[in-house]
Amino acid sequence: MASLARRPPLLVPAVARHTATVIFIHGLGDTGHGWASAVEQWRRRQRLDEVKFILPHAPSIPITANWGMKMPGWYDIFAIDGSAEALRRNEDEAGILTSQAYFHDLIQKEIDSGIPADRIVIGGFSQGGAMGLFSGLTAKCKLAGIIALSSYLLLSLKFAELVPKPEFNKETPIFMAHGDADPVVNYKLGTMTRDLLKEMGYNVKFTTYPGMGHSACLEELDAIEDFLTERLPKVADKSEQKSEL
């Protein structure tokens, strides 16, 4: 897994001065381009003009649940039957940890370029949301926020052992959302993740979208825009507020 060929991420530059970054990770079988239209949706009200969006592309790997055929994926999936047990059973730990290292490297590169960690949000959808949640909570720096859409906690049975001490993101706001008609990542797995994280003391907000399957909806995208605007306010706005005091 360490020698995987990776394409550079799709970059959507900030419209104004770059002061914050969002790393948004696609799901199984997709590419970063699959979420480019969502980025435009989030930017349409010009509230995120200072934000650069990074949309990574997963490498093409054999997926066991796809009869071993290659497709874009962040880790192998052994079965897709909609059950919580199937996704938690026999997880591809090596693949998960390889992708985790990749996302931690993306975060570090943003920090090295001058973006503070607390001006970085990481998240994604489905497999990408699972990687965003896992990578964010195990990061060795305090992030601005984490987004997990239609996803779940990876390596949940040993997760506590993998979190660095101190826990930099214990209080970091986590935006979780899930459709209650999801046939791929069962809604129960989403609520189990929410409950487990809350039991461990994490700052989770979970929204249910009635009737939604394994997808996103406009209402959900608007909620994400609000979350990003709250977590990554314009630096110019902050400066203006200080000057008025």
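Heads up, the Cβ atoms here are built off N, Cα and C, so glycines get one too.
Features as listed in Swiss-Prot:
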{"type": "ACT_SITE", "residues": "SER126", "note": "active site, charge relay system"}
{"type": "ACT_SITE", "residues": "ASP182", "note": "active site, charge relay system"}
{"type": "ACT_SITE", "residues": "HIS214", "note": "active site, charge relay system"}
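SER126 (active site, charge relay system) sits 8 Å from HIS214 (active site, charge relay system), taking the CA atoms of both as reference points. When secondary structure is read from DSSP and collapsed to three states, HIS214 (active site, charge relay system) falls in the coil class. Every protein chain shown contributes to the tally, and the Cβ of ASP182 (active site, charge relay system) ends up with 20 other Cβ atoms within 10 Å. Annotation for HIS214 (active site, charge relay system): spatial neighbours SER126, SER150, GLY179, ASP182, PRO183, VAL184, VAL185, criterion Cβ-Cβ under 8 Å with sequence separation of six or more.
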